[in-house]
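Student: To start, I am sharing the structure in question, which I have written as structure tokens.
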Amino acid sequence: MAVGMAISSADAGDGGGFAFDGKMNKFVILCCIIASTGGLMFGYDIGISGGVTAMDDFLEKFFHSVYLKKHHAHEDNYCKYNNQGLQLFTSSLYLAALVASFFASYVCSKYGRKFTMQVAAFIFLLGVLFNGAAFHVAMLIGGRLLLGCGIGFANQAVPLFLSEIAPVKYRGGLNILFQLMVTIGILIANLVNFFMEKIHPWGWRVSLSLAGVPAMLLLIGSFVIPETPTSLIERGQQNQGLETLRKIRGTENVEKEYQEIVHACEMAHEVKHPFRNLMKRKSRPQLVIAILMQVFQQFTGINAIMFYAPVLFQTIGFHNNASLMSAVITGIVNVVSTIVSIVLVDILGRRMLLLEACAQMFVSQLAIGSTLMVHLESTGSLTKITSIAVVCLVCVYVMSFAWSWGPLGWLIPSEIFPVETRTAGYAFAVSSNMLFTFLIAQAFLSMLCSMKAAVFFFFAVWIIIMGLFTIFLLPETKGIPIDEMTDRVWKQHWFWRRFMDHDTPGPSRV
Ligand code: BGC
């Protein structure tokens, strides 16, 4: 148990554990900013595809039937973008990321976080080349697959890097820094699309090529940042690990933390089959919650808005430029509200943010759905005032997502696992995110076409389910040291305690 406590406070330690002598210093901040550009790559991709797939030049060149449909006077508003190839363009990236993240977890532990980030940036840059130079739809999809591999690698390495390099008491905030970069990436992409839409016929090429900027930043920056002490020690480079720890903590007094990391790595070596350990009954609560947090995050319907915001706004009758502008507005709301989350998450707690957001998202989804149903006939368009109302409702919705299910979908899975199953468990959370992002991206335009405005009611029903889940099954984890989760959270919970083995607290080994 003593070992278990020591490990956890060094390894994760949000809200408790030992007070190590490390403070936030300029070098650590620089390292975190450089590494988070991985989040920028991810966000830029989320934001760019919707705008590009709404550009006439792009559609005319690669998706001619969509282009013709779009300009057909009597075409049904809700169906003009429904095309499997177009959806595949957006969603292929997530499928690739899903597969790549399993390889990435291997590379990450065998060759380190820094190397994994370099691989990520390199593959991503290849994808950007394919996309920017595309003259055939196969090149486009191939490029997206490469981008997806890059993202799979980056999303595996960057959050791990941030967690391992951050001083213990700032770890939570630095986790959400990754999500903040995701939202900034989405916003930048929306702005780029807003300007590139006016440049004919190659504006879309610039939009796709600029994805190379965050990847270049990550690649160049990765030569400046150190490998994490944990990764160095895990791979037998004890002295270098100690040196790096001194450097990032800005003090010679790191012995205690160093010893904790050494213990953590010894423990990690003893667990031969983390995935098998994860399948045991006592891991059920954490595993179920980690997966459901990500599944529910996607069933909020956020990516229906993020990927397709410009398409969606055009669907409800905005012109190209106005719709991209509206997407920029929602992007700004997304960034600002994520900052709100950084400030509030350790004050109000996770459950409070999630529940408040469920109520806010439910009301706004219902309002968007009914407004469109009443005011938007299949072939008509909205009046100016109704359009503005819809944009405002979308902002109310995005705002609540951004301070709740967005960042907490990543934060909660990272803080609920005991040390022996943490990385394996987190890998499940990441791959669930990619899988359900893929499913929503692939299905949304078809759903919009067949369900029309009722698609918003579909997501509203899910919001009720996730609200009930939060009330009954999600325990509060604010301020609880990670190593005490089993005793203070799972063993006390009315439902999950039946999965806990009361006799053997602390890590188990296989
Ligand atoms: C989600 C993405 C989403 C983004 C929006 C992330 O946490 O995983 O799917 O597009 O937030 O800000």
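Note: Cβ is positioned from N, Cα and C throughout, glycine not excepted.
Quick caveat, the model's predicted, so the values are computed rather than measured.
Residues or ranges marked as domain 'Major facilitator superfamily (MFS) profile' by TrEMBL: 31-478. The transmembrane segment annotation in TrEMBL covers 27-46, 86-107, 119-139, 145-162, 174-196, 202-225, 287-311, 323-345, 388-412, 424-448, 454-475.
Quick one: how deep are these features, and who are their neighbours?
Tutor: Confidence for the domain 'Major facilitator superfamily (MFS) profile' (31-478), expressed as mean pLDDT, is 87.
Residues 45, 49-50, 53, 62-63, 66, 115-116, 119-120, 137, 140-141, 144-153, 155-157, 307, 423, 427, 430-431, 434-435, 437-438, 441-446 of the same chain lie 6 or more positions beyond the ends of the transmembrane segment (86-107) yet place their CB under 8 Å from a CB of it.
Beyond the ends of the transmembrane segment (145-162), by six or more residues, the same chain brings 32, 35-36, 38-39, 41-42, 45, 92-101, 103-105, 107-108, 113-114, 116-117, 119-128, 130-131, 174-175, 177-178, 211, 215, 218, 225, 228, 410, 414, 423, 426-427, 430, 434 to within a C-beta distance below 8 angstroms of the stretch.
Outside the transmembrane segment (174-196) by six or more residues, the chain places 32, 36-48, 50-52, 55, 158-159, 162-163, 166, 203-204, 206-207, 210, 214, 306, 309-310, 321, 324-325, 327-328, 330-332, 334-335, 338-339, 341-342, 345, 402, 406-407, 410-411, 414 with a CB less than 8 A from a CB of the stretch.
Within the chain carrying the transmembrane segment (388-412), a Cβ under 8 angstroms from the stretch's Cβ atoms is held by residues 159, 172, 175-176, 178-179, 183, 289-290, 293-294, 296-297, 300, 302, 305, 309, 313, 316, 326, 329-330, 333-338, 340-342, 344-345, 350, 353-354, 356-358, 360-361, 363-365, 367-368, 371-372, 382, 429, 433, 466, 474, 477, all 6 or more beyond its ends.
Residues of the same chain lying 6 or more positions beyond the ends of the transmembrane segment (424-448) and with a Cβ under 8 Å from any Cβ of it are 78-79, 81-83, 86-88, 90-91, 94-95, 97-98, 101-102, 105, 152, 155-156, 159, 274-275, 277-278, 283, 286-287, 290-291, 293-295, 297-299, 301, 303-304, 307-308, 311-312, 315, 409-410, 413-414, 416-417, 455, 458.
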Student: With pairs 6 or more apart in sequence, are the transmembrane segment (287-311) and the transmembrane segment (454-475) linked by at least 3 Cβ pairs under 8 Å?
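Tutor: They do touch: at least three Cβ pairs between the two stretches lie under 8 Å.
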Student: Find the member of 202-225, 323-345, 454-475 that has more C-beta pairs under 8 Å to the transmembrane segment (119-139) than any other listed stretch.
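Tutor: Comparing 202-225, 323-345, 454-475: 202-225 has the most Cβ pairs near the transmembrane segment (119-139).
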Student: Give the nonlocal contacts of the transmembrane segment (454-475) in its own chain as ranges (CB under 8 Å, at least six residues past its ends).
Tutor: 289, 292, 296, 299-301, 304, 350-351, 354-355, 358-359, 361-362, 365-366, 368-369, 372-373, 405, 412, 444, 447-448, 489-490, 492-493, 495-496
Student: Mind checking which residues of the chain, 6+ beyond the ends of the transmembrane segment (202-225), have their Cβ under 8 Å from one of its Cβ atoms?
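Tutor: Same-chain contacts beyond the flanks: 30-31, 34-35, 37-38, 40-41, 44-45, 48, 51-52, 55, 57-58, 114, 117-118, 120-122, 124-125, 127-129, 131-134, 143, 147, 150, 154, 161, 185, 189, 192-193, 195-196.
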